[in-house]
Amino acid sequence: MSVRAAAPHRGSEFRISLFQTAAGVKFLEELRGFSSHAAEIQAKQFTWPRVRSVLQRSAICSAASGATFYASATAMQGLFGGLFRVSASTPVLAPVCGGVAFIISALSADLAARTCIKIFFTHAKPQPERRKRKRRKQPETTSQQPVKVNPIVPVAVSFGMFLLLGGRLRSFLPSNVLKPGAFHRRLGSISGSSQYASKAGKELTQEHGAAFGCHTCGIVRSQFWADHMPPKAVVAARAKGWARKFFESRRVNYRMYPQCRPCSSIQSATILRKSRKLIYHYNVLRRYHLTGLSVGLMQSLFPQ
Ligand SMILES: [Zn+2]
């Protein structure tokens, strides 16, 4: 090769001769091009148009994913309550259906964020000419294959955010008016007996209602009653059975939860009719609904 012929012994002559070859000249061109491209990228990192673009993308993706998460959660409530009659107090099925509703809502929000990026921002990333030439030479492998979406990451991250925001899986389901509702919390209740709440108990119930809302429908701004759970009328009806009469009188541990007046009226009517009534909470917004925003924010900042 001409390299060895031009500089067989001395190192400096060897290097000069190496870069005079065709491969050496090409390497230098590539190096210069890479350096200028890296400098260009570095210069763009903290410019205002770039920051503004990131903010716009984050805002649009978060809004889309947040709205989608809320809409999906609402639809799941109607689906499981309306079609399958599953409520927040249904044993076994409540956490299972709540989990399914959460996963569907999180994936829907993630899909909305991805779609926004694809529609509004994909065209805003022109590739440098040098890279385009390089890609043509590569075999058709990754660029031609469809992008595989890993659903575990967005679901896991959003579930962590959901828990941090105080979310509970049963909140995706409607409330059975005869049972502790979708918004009940033991922390927001007081122990009681078959008697009405005392004055201190009523005041505490009012405070619990302001903090956690009506345990059935979730409304926060209201006058709250101390609602017995289980309802006294239901316990009285059970106690009429000859076998249970003795045991029920000893077994019942009442808790009193805050309940708004409309829900209390519906509960009374349901007990009179001896029927089952589900209360839907479509228009209630809670902190855990912000989970959808976090999904879009994550997808816009760290797209997969
Ligand atoms: Zn209510």
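Cβ atoms are placed via backbone N, Cα and C, with glycine included.
Keep in mind the model is a prediction, meaning the values are calculated, not measured.
Here is what TrEMBL records for this protein:
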- 127-146: region 'Disordered' (REGION)
- 59-80: transmembrane segment (TRANSMEM)
- 92-113: transmembrane segment (TRANSMEM)
Checklist entry - In terms of Cβ proximity under 8 Å, which residues at least six beyond the ends of the transmembrane segment (92-113) contact it? => result 61-62, 64-69, 71-73, 76-77, 79-80, 84, 86, 151, 154-155, 158-159, 162, 168-173, 291-292, 295-296, 299-300
Item to check | Long-range environment of the transmembrane segment (59-80) - Cβ separation under 8 angstroms, sequence gap at least 6 | outcome: 86, 97, 100-101, 104-106, 108-113, 115-117, 120, 172-174, 280-282, 285, 289-297, 299-300
